[in-house]
């Protein structure tokens, strides 16, 4: 079989794999999106009754905000905001372009055919770092929420107002929750309505538990209710959820280890071949497009395994 046919077959296989992965991802995303919409309609009684509880109306509004189609610029702005980075959007783009150029220069010297791959890797480092920082920040914030909710519950029981309880969280807790609640408190002091400040808090963090907390405060402000009991129940629910997540993480540890081995093993094998049999490894280095295909397949496999062992609770 000629080299041309091998290239064509490899390209077709990679294109088919990417198309299948994209189709499965889109189907999963669309199915989840429709399921959320149906659940919101069921809770709020849309189509069945003209009357909806205030809680369900607020749930629908927050859910609609989370599932509505956003422009690419809005998603990028939200990523920068939720990651709490000091970089502006222009600085982030400039840094990504600089990394792309920096990665392309060595590729241009040693393997010119890999310049596009090197540029893509360099450019994607910035959004990858932002995603990792956002994930780490949201995880830490979620771990702080039970204690924060119980502190608010104790403060309200002692006769403090909700804004005063938010100030206590801002003063006594560590970041990132102290930073978020301090901003919410200052926004109210500067004239912003409580509802707007709380909704911005929920949107800024992107955490479902905080969205439920905001809905609870708004409903309690309008119609009354046992806010203390609700906050205690919410704190208990979050603790159980975190405990279940840790248990799932322990049970899926084998899958994550397999992913690490499958990613590291080919790289280690290539390094061993470069040391033990440079002539044999040179046949691969002389065809940079094979390295690009291998890197793409490795990335796709890692994402696939990550999707299997990571799921929402």
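Glycine too: its Cβ is placed from the backbone N, Cα and C atoms.
The stretch that TrEMBL tags with transmembrane segment, taken from the ranges 92-109, 146-163, 164-181, is 92-109. Within the listed segments 115-132, 187-204, 205-222, TrEMBL records transmembrane segment for the stretch 115-132.
When pLDDT is averaged over the domain 'Type II secretion system protein GspF' (150-274), the result is 84. Within its own chain, the transmembrane segment (257-276) is flanked in space by residues 284, 294, 298, 301-302, 305-306, 309, which lie at least six positions past its ends and keep a Cβ under 8 Å from the stretch.
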